[in-house]
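**Student:** If you scroll down you'll find the structure; I have some questions about it.
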Amino acid sequence: MASQLAGSSHPSSASDQAQRQSSDPTLESGSDTNVGSIAPKTETDFLVSFTGDDDPRSPKHMSSARKWLIVAIVASTSLCVACTSSLYTGTYAQVEKELHASEIVTTLGLSMFVVGLGLSPMILAPLSEFYGRKPVYVVSMFFFVVWIVPCAVARNIETLIVARFFNGFAGAAFLSVAGGTVGDLFPKNKLQAPMMVYTASPFLGPEFGPVIGNFINSYLDWRWSFYILLIWAFAQWVSISLLVPETYHPVLLRREAQRLRKETGDDRYYAPIEKMDRSIAQTILRSCYRPFLLLTLEPMCLLLCLFCSVLLGVLYLFFGAFSLVFKDNHGFNLWQVGLSFLGITVGMIIGICTNPFWHRNFMRLLQNHQAKTGTVGSSEPEFRLPPAVGGAPLVTIGLLWFAWTTYPSVHWIVPIIGSGIFGAGVIMIFSGVFTFLVDAYPLYAASALAANSFSRSMFAAAFPLFGQAMFRNLGYQWAGFLLAMITLLLAPFPYIFYKWGARIRQHSRYAGAK
């Protein structure tokens, strides 16, 4: 982070200045204001900025080992938060018995955690723009740890549900802000691999939750689920506090400007963030209402967010449905039910591994478009949608496969394979939709992603509340078939927007139309 030092706080002779310039390339020729022949300085001469990615004070200049350490800590913390959402499902039977709660009330502990995850980013993301990423991480993770304690010691279901909401609210920083940290560290041409590692963790976490939680609750009291989470979360908080530095460029530049003003006594040095005319309250208010404007006024954003929301809702519905299907049909015990979620996990990992193929496809579309238009670097947001186009039929096929193989006479591995196909399709759709929203709404990318996050969280909170009742009343096969038909209705939209999205964007108030 090299600032362009354009001025000196003490008068000096021209010869002295020339000598300093020869030894310090950051001093411009106009730095001595006493020399009348030298042009006076403008405001931009005092703008503090990076000279490039190779600036030694830029996060992008860190060693690869340190960058990957930061990515590993941020990704593992995201995994911890996501895992916490579903690890709770293994406690249902013991919680219902000890706290005298019904099945649906106990399920509220899962739903309220996810509601907290959906609401929090609208506040935490704007705060990170003013104070930086690390303060948000440290404070939010501290409260994430704190709110696990009342979950572990709760003596009534009301305490548990309220604590779960605030637990999710505090942990959401790592699902909404942490992607920016990865972007702070790597140039665009090297961003794919670390971003893939980070983005996988929030989606793999919910699948690991039942695996871990069901093992714990098979042999220990349900409170041990939260004690173990407490240890894990505390270790993550310590790692973040000690090993993860501030990486948000505007905040780092502000610190450098403050240092220069203090050292030189010249108050003209400034960072771009210090010229912002928005207050924190205005930014948070805008962050809260703009996602709803996009969902209301932008059909592409609405329908793609709806598709993603249904998929995450189905995923969270499975936390109850798998318990019914594999216990009743195949006699699984609690920890075996947890292992059944590894099918979705493997499917998601396979879906992630297709990313290089989709990247090559994107580059091919990009080259063809540039050859057609003759404009180097030109692209279209729709080029990001092919993974979603490919994943859409997979989710329907996977759900149909799962639905019609949930018979006691069919080997248990067969429906698990179907769930794996569903998992692969889900991760491909999320990948395509997220990158499309960022490219299609360049000025409002954060709001578009917040809209997606909010809608996904609301569906993920609602679906578990009726999931087990639906599977019991409709039967396992017809309940699964109904879910498959819902995804089939939404499956064409990625292809429709891939073919005609550019035309639709021409009539949009918020999308960047070419």
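Including glycine, each Cβ sits where the backbone N, Cα and C put it.
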**Student:** Which one of 195-212, 321-338 shows up in TrEMBL as transmembrane segment?
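**Tutor:** Result: 195-212 is the stretch TrEMBL calls transmembrane segment.
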**Student:** Report, as numbers and ranges, every residue of the chain located at least six residues beyond the transmembrane segment (68-92) whose Cβ falls under 8 Å of a Cβ in that stretch; write 'none' if there are none.
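**Tutor:** Distant contacts of the transmembrane segment (68-92): 62, 103, 106-107, 109-110, 113-114, 117, 137, 141, 144, 148, 164, 167-168, 171-172, 174-175, 178, 181-182, 185, 194, 197-198, 200-210, 212-217, 222, 225, 229, 232-233, 236, 239-240, 243-245, 247, 316, 319-320, 323, 334, 338.
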**Student:** How about long-range neighbours of the transmembrane segment (136-155): same chain, 6 or more residues beyond its ends, C-beta under 8 Å?
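**Tutor:** Beyond its ends, the transmembrane segment (136-155) has Cβ neighbours at 77, 81, 84, 99, 124, 127-128, 162-164, 166-167, 170-174, 177-178, 223, 226-227, 229-230, 233-234, 236-237, 240-241, 244.
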**Student:** Against which stretches of its own chain does the transmembrane segment (410-436) lie, if we need a Cβ under 8 Å and a gap of at least six residues from its ends?
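**Tutor:** Same-chain contacts beyond the flanks: 199-200, 203, 207, 304-305, 307-308, 311-312, 314-315, 318, 325-326, 329-330, 332, 340, 342-348, 350-352, 354-355, 358, 381-382, 384-403, 449, 452, 494, 497.
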**Student:** Is the transmembrane segment (292-319) packed against any residues at least 6 beyond its ends, judged by a Cβ distance under 8 Å, and which are they?
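**Tutor:** The answer is 86, 89, 110, 114, 206, 210, 341, 344, 388, 392, 395, 399, 419, 422, 426, 429-430, 433, 436-437, 440-441, 444, 447-448, 451-452, 455-464, 467, 483, 486-487, 490-491, 493-494, 497, 501, 504-505, 508-511.
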